[in-house]
């Protein structure tokens, strides 16, 4: 199990041709695993949808108009939102195989200047991940929308807050989904044991929740294999029982597939019918998780699983329950379990209890994925991310988030105890996330896909009108439990926005106060700088100039290493960066300075998995850069100028010489002559790998100088390696407003003190660490 990183993986499909059996087998395997992770929330909904729908003033009458209207609403809602919107359309808006609210936002950041997170920089414009889409002519509407957002900074701020709000709602779902599903399942015990006290069902629900969250550290792959048979059994049960109830009680409920009964329902039920939408919306729970969990699987595997198995079984289950209710109007509050034949009651109750754990798994996995994306893009405090699969990179586990979710789930279960109030909260959280996705899709269709604005407007009107209708009914239930997701999301939004603001202010301060190279060298000569043996890695967020914390260190302690490498780790608005494009290496100033800069680029779905090998990788890239610089004569197609620096600094993309993902130890060996250099790597599999740089007997002066510089680099590495990072405290300026002081000094300061230290995140050994303390006034 790797911390802060994983293996490779993209959609999880084997790297073969699409017509091969290997690719088909991989897709079917992912489709099978998806049952245990993605669809559980959707599939457990029949347990409580009708109960919550008829919990208000809506009642059934002899003509069956109400039950047929509710069934018609459920059927068309399932068809429009999960099937048409998400499975067919929204899954197509993936960000190189990743889904979720932040994936849509990263598409906008990469294709325009709408975003505030990691807009494309000059040094990253040639990345293959930025240029995967086929170039197409940009429409006039697309240019107008982009220009409108670029002109108004406030709109970009609102867009980011809107994305963070949608993300916060998904995280809030991670609290409500397990609570709602488990409580609804165990409530079936009271059908057979009416005298059973509520405290016992709550206690049983708490035990199940604790067990569910305790399993998370095993990873999505293991949990998926464990849970998939459970959900497939559950779908088989509810689909088969649905057919049984339709045939036995009322085959004519098939009439409800006509949308006429929706019109007839609202005409007769009026305001009570509108209010019941707060319960009907629960049939859509889990639709957003299908998109958020896309990184764990692939588009085709999700589409196969939903259209062939999940959708038909759900429709049959809802129709069968409606058929039973049409003949048993007195069983409104327990229709699901009352509709079960006596012979299968206990097996179905047992499977339902297990299926609730599966239903909760979908949103828990989505919560992990989204928080990991937020963390990588600087919108969430530094936390530990564990990659649980060496094959699919998106399968992760976050211990801190897991235990916080468990604690909140237990608190809501014990505090609310009733699925009706939790359902009111749940419905509001679900529909707000869907509205956020619809709005972002409008921008994606027009500016990323470059389609006519008419198509984007049609998408927004068709799905947005349905979602706004549901939203209006859910907002009316805010006093009756709907306040809970608002409280959870606002708290999460405060954490995310404050962390992003504080981090952005700190980085802006570092950029504004960086020291130019000429001034730094002049300062160094004026204070009698001493160069000590060894290699120094200076970590900072600046990509040009000298970071202020290093200038501060040299001013107070005028000495640094003979070889100095400024390292900047950047997370870009792409899910993954290929190993061949990860390192961007350049020289600062003249060769005599022995100053280098290395920009290490990651995608927002990637992490650091090479802590113990990172130092050697960097040095190897510098060696390759020196060789490349000499061999290319200072030019080449893969060289990029850091024009913004204003210095003599040219940077080159240094491709990966081989797969180094399994390396965990390097030993540098300077040759006995100045004409060769070997870098040995002991591979994790037991073999040895050598990267050798040789002069081919040319004997030229440039080759000798390059070999001498490489040898000196090796010797300095043997003398010792040190790491320097800034330990900065950010404070609001004394003239700042009270709100800014509270956000920066109190909230951001609290989050910074209680998040993982940068040295831990970077995997820096504490025995070689130098932390430079500075206070920033922003």
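The backbone N, Cα and C atoms fix where each Cβ goes, and this holds for glycine too.
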Of the ranges 249-269, 375-395, 396-416, 501-521, which one does Swiss-Prot flag as transmembrane segment?
396-416
So, in Swiss-Prot, are residue 53 and residue 417 both on one side of the membrane?
yes
Looking at 136-156, 157-177, 178-198, which one is transmembrane segment according to Swiss-Prot?
157-177
Annotated transmembrane segment segment (source Swiss-Prot; candidates 29-49, 50-70):
29-49
With Swiss-Prot as the source, which of 4-24, 109-129, 277-297 is set down as transmembrane segment?
277-297
Indicate whether residue 199 (N-linked glycosylation site) is helix, strand or coil by DSSP.
helix
Around residue 199 (N-linked glycosylation site), how many other CB atoms lie within 10 A of its CB?
10
Considering only the recorded stretches 29-49, 157-177, 200-220, 277-297, 452-472, state which has the highest number of Cβ pairs under 8 Å to the transmembrane segment (304-324).
29-49
Stretch contact, the transmembrane segment (425-445) with the transmembrane segment (396-416), Cβ-Cβ under 8 Å, 3+ pairs:
no
Result, the transmembrane segment (157-177) in contact with the transmembrane segment (478-498) (3+ CB pairs under 8 Å):
yes
Counting CB pairs under 8 Å, which listed stretch among 29-49, 73-93, 277-297, 344-364, 396-416 touches the transmembrane segment (200-220) the most?
396-416
Does the transmembrane segment (157-177) come close to the transmembrane segment (396-416), meaning at least 3 CB pairs under 8 Å for residues 6 or more apart?
yes
Go through the chain and flag residues at least 6 beyond the ends of the topological domain 'Cytoplasmic' (446-451) whose CB is under 8 A from any CB in it; none is fine as an answer.
93, 107-108, 111-112, 114, 133, 136-139, 141-142, 145-146
Sequence-remote contacts (6 or more beyond its ends) of the topological domain 'Extracellular' (473-477), Cβ cut-off under 8 Å?
274-278, 281, 424, 427-428, 431
